[in-house]
Structure formats: structure tokens, C-alpha cells
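*Asks:* Next up is a structure, given as C-alpha cells.
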Amino acid sequence: MAEKSFKYIILGGGVSAGYAAKEFANQGVQPGELAVISKEAVAPYERPALSKGYLFPEGAARLPGFHCCVGSGGEKLLPESYKQKGIELILSTEIVKADLSAKSLVSATGDVFKYQTLIIATGSTVLRLTDFGVKGADSKNILYLREIDDADKLVEAIKAKKGGKAVVVGGGYIGLELSAVLRINNLDVTMVFPEPWCMPRLFTADIAAFYETYYTNKGVKIIKGTVASGFTAQPNGEVKEVQLKDGRTLEADIVIVGVGAKPLTSLFKGQVEEDKGGIKTDAFFKTSVPDVYAVGDVATFPLKMYGDVRRVEHVDHSRKSAEQAVKAIKAAEGGAAVEEYDYLPFFYSRSFDLSWQFYGDNVGDSVLFGDSNPSNPKPRFGAYWVQGGKVVGAFMEGGSGDENKALAKVAKARPSAESLDELVKQGISFAAKI
């Protein structure tokens, strides 16, 4: 059993880990001071590519093309880049025990890693139907998407079941993006989800109606208000049918499940303060344990502009929280401080020829503006959310770069709105004036 010691350890191999490593390199680290420990076999990469370009039938994205930090226009950190920057990249290494009081991590093979400062960037893991005891959920070709190995399995299944039937369980981010890319791969696609409309945590019924009709026009079948209650398999163990709770049965060659995720915090249970399902941090991503920071999906942090604490699962926050934590660590070493994290919630998605962005908070009353006809070749519409007479959230489908910047400005500024009717009339021009 080997033992290694580092000044800093980043635990994780996703977006936050890559961006934290980049920020350490920017701030300056000595060779041998920093290690990144990941259970994955590849250097940190931009996870959003997995549900988009990685699955395209032509011109598919492949590593090293989307290693961190190309997603934000930054430097691509190849495996050799870490070495050049004096960072030890420790891959295919699963940490099974963390002792925060002893400042040590233990791997599945018994190796011990000591640290002075730890950044927890373990991210999330998908919720699996086997977790809920769904009958037959362990059949072959029932797939999930979180890591590059999952994406490789899906690519192989798409090739093997060319033109076959795919059932997508879940109507959120992953469900929508995967339904689109499976359809682009010419599979027969059916989406199944229990909610009354897709993306219910963000979309209003009006916004969802546009996307559901657009998807239907593209040949995606949508079944709402029910769940997958069981699966039957062929003699070779591959999934054959999906039983729905409402009594219907769907044929399936591939099933892709996207029913949510949970933060990977179990290593730290009982050692660190938690809140809202994540590890509680301050505005610098410091946890309740000295010299331990948590970033990305696992962090429950103060959302300053709303006077609230939240946990955010999105690539934008994963990048920015990682950078904030490292800046805070390095500033403190020099007896200085950085400004508190003041995050503006931001979400986006791309599917088919569509592209939307959302900034702010989706609370209060909402109004739709623009052309939301899903039959139009280039639909362009948006929405505002108004609470207490102020615009608190803004959404746009098909917006230009300048229009999307205007959305961010209006959500940050939270200007007063005379009336909902006036917002409908002004549309994106209201945001452009801020």
C-alpha cells in the first residue's frame, strides 16, 4: 500500500475538477503540490458533450476534443497538460474512505493519499430504476448517461439496434436531449414521464407545449402521466418490453433512463455539515471542516442575490464554483480575500435545431412573448417571470448572442415591470434596454 502526500487534492474527474485544476495552474502551483484523483480512466472533460455531440451519427465529438476547459473557450487540458503544469493526474482510482480529521483518503486498492487542503468535486450519480426495485430493470440495454463509459455503451447500442425502438424514461434535461439525438440517429423514439409536461422544474406549461409539439413533429412519441413499472427481457437478457403503470406495454430495443441524479456525498456523511441534499458551504465553498471545500453538484451554497441557499446541478455553476474555491484558497494563503460568490442561475440546452437559455429564477407569474409556433423553421420566443412587480427570470429560444446577454442583464438587475401585458408587447426589447 503506497502513501502519497500533497498540499492540495481535488477529488473528482468531472467539470469542477478540471476547472479547479486550471485555476490552480493559473494561480501557480509547484510541481508535486496538487493531485487530481478520479475514478474515471480519462482526464476531466466537459460532460455536456455526452448527451449532444458525442452521440451524433456524423462528425461526433470525441476525446481529446472536449477535455476541460474548452466548454468555456479556455485551454484544453490534455492528460500531458497536467504533467507539464506540475499536476499529478491519478486516474482509474476510486476513493472508498475519507477521514477528514486525519486529512487522508484511501483508495479501493488500499493506497493512502494525504492532503493539507481538499476540494470535493465528486459530482452526482444517476438515479437507477434498480434503486427503486423496478422489476426487470437490470435487463441488458437499459442504459444511463453520466460518464464517458455510459456514452460508449449507448453509442454501441445505437449501432447494434440501428433503426430500432428506443424508449426514453424521463422528461427532463437528459430525456429531451437524448430523445432528440436518438431520433437524429433514426431510431423510433418514445418518451415516457409522469409529470403533466416536460421539464416541469423550469418550463411553464406554455413553454413545454412548444417543445412537446416540436418533438412530436420530429417523430418523437410522448406519453405523459405514467411511469415505467417493469421490463421484460428476451432470452439473451436484452430488454424487450417496457410495462407502464397505466397498463400499456411498449416494445423496446434500447431503454435510456434519465430520472434525476443524487450528489456523491456518502464518503463524507457524519463528518461535514449537510443541507438540502448537499454539503453545506459558505460563499467561498468552505465546508464546516477546516481546509475542506466542496464545489459543483455536491455544494449547497448561499445564493446571494436571492438570500437563499441552494444546490445547483449545472455545468456553468460547476465551472464557476471551482474557480471561486481555488481563488479563495490561494488568496487566503497570501492573507487576502476574494469577493463572495454571487451566482446568477443559468441553464441552457440544445437539441435538434433548437437552442434555449434561461437566467434567474422561475418564480411568480410568467408571460410568453414572440413566435412560439413549433411549425416555423426558426422559432424565436421567450418568457419573463415576474415576482413582486420585478422581473426575476428570463428565457429565450432561438436568441442571438446579444439577446442572450440581455436576458442575463435583466435577470441580474431585476427591473420593475409596469404590467405583464407590456412585457408581452415589448418582448426581448424590454431586456435589451436594461
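Keep in mind that glycine also has a Cβ here, set from the backbone N, Cα and C atoms.
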*Asks:* Among the residues S72, S229, S266, S416, which does Swiss-Prot list with the feature phosphoserine?
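*Replies:* Of S72, S229, S266, S416, Swiss-Prot lists S416 as: phosphoserine.
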*Asks:* Given that Swiss-Prot assigns G171, G172, Y173, I174, G175, L176, E177, E195, R201, E313, H314, Y348 to the NAD(+) site, pick the one from G110, G260, G401 that the record assigns to that site as well.
*Replies:* G260
*Asks:* Among E40, E323, E340, which residue shares the FAD site with G13, G14, V15, S16, R47, K52, I95, R146, E147, D297, V315, Y348 according to Swiss-Prot?
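*Replies:* Looking through E40, E323, E340, the residue Swiss-Prot assigns to the FAD site is E40.
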*Asks:* For E313 (NAD(+) binding site), which DSSP three-state class applies?
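*Replies:* In three-state terms, E313 (NAD(+) binding site) counts as coil.
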*Asks:* Among G13, G14, V15, S16, E40, R47, K52, I95, R146, E147, D297, V315, Y348, recorded FAD binders, what is the largest CA to CA distance in Å?
*Replies:* 32
*Asks:* What's the CA to CA span in angstrom from G175 (NAD(+) binding site) over to H314 (NADP(+) binding site)?
*Replies:* 15
*Asks:* Have a look at the binding-site residues (Y173, Y348) and report the one with the fewest Cβ neighbours inside 10 Å.
*Replies:* Y348
*Asks:* By a simple count, how many Cβ atoms lie within 10 Å of the Cβ of V15 (FAD binding site), its own Cβ left out?
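*Replies:* Around V15 (FAD binding site), other Cβ atoms within 10 Å: 30.
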